[in-house]
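K.L.:
Got a structure for you, written out below as structure tokens; questions coming shortly.
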Amino acid sequence: MRHKRSTRRKRASATQLYQTCKASGTCPPDVIPKVEGTTIADQILRYGSLGVFFGGLGIGTGSGTGGRTGYVPLGSTPPSEAIPLQPIRPPVTVDTVGPLDSSIVSLIEESSFIDAGAPAPSIPTPSGFDITTSADTTPAILNVSSIGESSIQTVSTHLNPSFTEPSVLRPPAPAEASGHLIFSSPTVSTHSYENIPMDTFVISTDSGNVTSSTPIPGSRPVARLGLYSRNTQQVKVVDPAFLTSPHRLVTYDNPAFEGFNPEDTLQFQHSDISPAPDPDFLDIVALHRPALTSRRGTVRYSRVGQKATLRTRSGKQIGAKVHYYQDLSPIQPVQEQVQQQQQFELQSLNTSVSPYSINDGLYDIYADDADTIHDFQSPLHSHTSFATTRTSNVSIPLNTGFDTPLVSLEPGPDIASSVTSMSSPFIPISPLTPFNTIIVDGADFMLHPSYFILRRRRKRFPYFFADVRVAA
């Protein structure tokens, strides 16, 4: 067992020790001078400050701001502020007085009237007017004629083709109530005009349902799913339950709980840490609704899942986005499908391996019980005849391979295919006689004349540089 090391207790501060040990006289020798300020450093500062004055420089135990003027870099002068100049008063003129001048100063008399310069306007007085009246005492006489026959007046009007009466137009009736535009005019005009039909967006013609003339918005374009982006993890699902009940891959099924609708977005809550039935669906909190897409010639069933791998203290969930997909079936062209159907129709429907089975679709073969298929010494291409109960025999060529033992051989035709040999045929080399080693014995030889001429050697000149000195 490892021994625990004892921790060192911190010593009390000098101020705390001074308060407790001053009265009893048990203070350490370095406590009292430090608290009372009688150390050697304090005495040097105390007596040295009597002969040296550092006022205004901020040297000492101050705030370290450099005093009132602050710190100034060496070799530079602090910027001086411009002193604002006060306005100079004009000098007062002093009259010189001689000895013979009078000592009485004449005063200037002030007048109470101020001459404005322009005369005051005068208001004209109304002069009045004369009214002359006259009175006539003669009574008024009215001449009244007797009532005669009534006169008939006729008025005839002629139509002027160069002038037409302007038509009086009234505001049209509101078209929102019934959906029809009605224009009325009390007079008939002969103006030529073009009748332009107006489009109305009112659908209902019922006067009870009040609609507006706002056009109906069209369908929005289909947004991109973004299933194959860089931030989305691609996971292929093989389990068929992913199509019908995807919740079984995330959580374990509870029989007492109502089933999920696979066409909606599924939300999951994980209260405790438990593994998912499928490890690919671990930490899934949401499975969005499915989408059918076609990619690379297949019909793909896709769902986007949201994981909650991390959870912060504030409750925010952080996780990756996963694209789960399952390919349903390949999309093939029409011609390939027709060709496959024709090939499928030619295949045999009888899959029995009994020797008594009959395939009526392609051939009729009846094999005997004779053990002829275990002959391992048969040649490369042999013909085996099977006896049947019919009046004729059918001879079918069989290929047993390169003399290899057969474990089992199902009855049926063996179609021989032409096998091309990969080895090339042997071609003899002419001459057929082998070469013998020829040995020539001799003590002398003749040199070819081309070797008598010696090559001229090129002279090698040493290269020296005038500005370089090499030490030997």
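Along the chain as shown, residues are numbered 1 onward.
Heads up, the Cβ atoms here are built off N, Cα and C, so glycines get one too.
Annotations per Swiss-Prot:
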DISULFID  Cys21-Cys27  disulfide bond
MOTIF     1-12  motif 'Nuclear localization signal'
MOTIF     453-461  motif 'Nuclear localization signal'
K.L.:
Counting only residues 6+ apart in the same chain, whose Cβ is under 8 Å from the Cβ of Cys27 (disulfide bond)?
P.N.:
Leu17, Tyr18, Cys21
K.L.:
Under a three-state reading of DSSP, tell me whether Cys21 (disulfide bond) is helix, strand or coil.
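P.N.:
Helix, per DSSP.
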K.L.:
Need one number: mean pLDDT over the motif 'Nuclear localization signal' (1-12).
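P.N.:
Result for the motif 'Nuclear localization signal' (1-12): average pLDDT 72.
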